[in-house]
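According to TrEMBL:
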DOMAIN    46-81  domain 'EF-hand'
DOMAIN    116-151  domain 'EF-hand'
């Protein structure tokens, strides 16, 4: 470790854990138990039902497959009208073939593989919150993520704060963020 590095080994591990989570974890899923080759065994029945509902919403033309046109229509329904063709093509190319429900579920299973449990994620954030307040100044976490270890790009920071915006005081509520990552919805 170079002398100008300010973090200990635990700090670097925590920063890497946070970086990985914020760039890959979907909001609406939770890993059940790894094992088995059947993708349906990776999720609880209620989660499979939620994925099925999401798939049905995205399959705009109701043909049983999600394609570029379905993605464009889904983005339009969410208010994003200027999605580039390249962006849609890149999304479709992530699948090994046509995206039916099983492929859709498999893609989520692959994205979730390796997602840390809630306690591990919380412990990673607690390094930055020695007083145990449950939140971290957004500017501080941004600086740490952009200047230490596996550095975030400005685009990755923008994505993180778009998904998990700071409150009006400029704080990132990491306890709620961890809950959303591992459970799929905000605490009341």
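Backbone N, Cα and C define each Cβ position, glycine as well.
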- Secondary structure content of the domain 'EF-hand' (46-81), with strand meaning DSSP E or B: 23 helix, 1 strand, 12 coil
- Item | Structural state census, the domain 'EF-hand' (116-151) (DSSP three-state) | 19 helix, 2 strand, 15 coil
- Item | Rounded mean pLDDT for the residues that make up the domain 'EF-hand' (46-81) | 89
